[in-house]
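*Asks:* The structure's right below; bear with me while I get my questions together.
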DNA sequence: ATGTGC
């Protein structure tokens, strides 16, 4: 008898773990899954979500997206809203990769032009765009310079020649989060971050050249300037060692503060501090600083990748038609307002492997997209489709304005490596163009190691928390 | 995710 047996199926895509199923559980936990994805649901992921439901100040419900898997303390794919007056902030429930996120860039190029030369083009991207664990970029920034990055985010990158002013109009929070304080970030984080700005990283992070492969909503796609056979660039990356160190530093602060604030938690990995406490505010300000680093990172990566393509083809920026469609986080904590039981409340929404999906006419949706809803970007894994959706009103009712973020692992990294060694890399990656400096990450990230992102996105669409607009097929992928 | 793993 595990927790999975306690899940109640409410409808085709909704399961609930009622409140008080586990000791101290304050709110129910909703799982958004198809029958197929329910089979993959791990007992430990349920346990982690239920544990989070015991945290002080947690409101309404914990929501778990269809791409759920076990994480550090809180499951990847989890959404938690905590009252900013009485509640806590939990670094582990935001994740080690603060502002891990996705950027989508449109071009005027056509699939016919790129497909025949994709192998050579990807080699060029490999030689110019740094990727991999510990990889360093073309920038080496002093602590003072990084402090500026931490305050300005994507704006810093634009001011230093990486992109256009108008790019900023098409990024979540304009690519600059206001509540950042660079003085709350440790010297070690500045050391680790000094040479990593403008680098991809490892794991499922990538830079990809894609083609628009399928349109689900003609009207919205047209508004976004997207049509079949059009070339796009997608960037999936985060705050690298800088954000990682912020998380490490404040997990320690949180553990040390548990006794001081008399917080009892069922799992040390959920170490947290009152949001309004000095420790909580320090972490929040450091987290926003790291999130700004990540916005700057994707701004640089997207722009230099576009520039490599432009130079490779020997064309002008005008002919390339570089245009940022959107950029947003899927590992972050944000202050948002919700009405719960008729009361207006301010919540700190923890999204860990979950993407904001705000509806049309929400003031946080950029003016350019106000009437169609906020773009939601779902990166595929190697060789798999990626997706563009838009947020809906329903997400505000049943998921704190959130949707999924990707696919989620099926095989462990070790298992994936064994599988690739058994089958052979050529057979596993049949027909895919994947470039990387080393083989290790590619072996760990083969498509077979992941759940099917198409199924994940289908659940989100059917449930109505985001609406499908377009699908993107990879022509070439740069991995770490 | 991560100057990757007890």
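Each Cβ is built from the backbone N, Cα and C atoms, and glycine gets one as well.
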*Asks:* Given that TrEMBL annotates A:204, A:205, A:206, A:207, A:208, A:330, A:331, A:405, A:406, A:407, A:408, A:479 as GMP-binding, name the residue from A:174, A:186, A:386 that shares the site.
*Replies:* A:386
*Asks:* Restricting to the same chain and to sequence separations of six or more, state which residues have a Cβ under 8 Å from that of residue A:407 (GMP binding site).
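*Replies:* Listed in sequence order: A:67, A:380, A:381, A:384, A:450, A:451, A:452, A:453, A:456.
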*Asks:* Between residue A:479 (GMP binding site) and residue A:97 (Mn(2+) 1 binding site), how many Å separate their Cα atoms?
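*Replies:* So the alpha carbons of residue A:479 (GMP binding site) and residue A:97 (Mn(2+) 1 binding site) sit roughly 17 Å from each other.
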*Asks:* Could you say whether, by DSSP, residue A:330 (Mn(2+) 2 binding site) belongs to a helix, a strand or a coil region?
*Replies:* coil
*Asks:* Express the distance between the Cα positions of residue A:331 (GMP binding site) and residue A:97 (Mn(2+) 1 binding site) as a whole number of Å.
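*Replies:* Here the two Cα atoms are 7 Å apart.
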*Asks:* Spatial neighbours of residue A:330 (Mn(2+) 2 binding site) among the recorded positions A:204, A:205, A:206, A:208, A:405, defined as Cα within 10 A: which are they?
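*Replies:* Among A:204, A:205, A:206, A:208, A:405, the ones whose Cα sits within 10 Å of that of residue A:330 (Mn(2+) 2 binding site) are A:405.
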*Asks:* Have a look around residue A:331 (GMP binding site) and count the other CB atoms within 10 A of its CB, chains all included.
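*Replies:* Step by step: centre on the Cβ of residue A:331 (GMP binding site), count other Cβ atoms within 10 Å, giving 30.
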*Asks:* Taking the residues the record says bind GMP (A:204, A:205, A:206, A:207, A:208, A:330, A:331, A:386, A:405, A:406, A:407, A:408, A:479), how far apart in Å are the two Cα atoms that sit farthest from each other?
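*Replies:* Site span for GMP, by Cα atoms: 20 Å.
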*Asks:* Near residue A:330 (Mn(2+) 2 binding site), how many other Cβ atoms are within 10 Å of its Cβ?
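*Replies:* I get 31 for this one.
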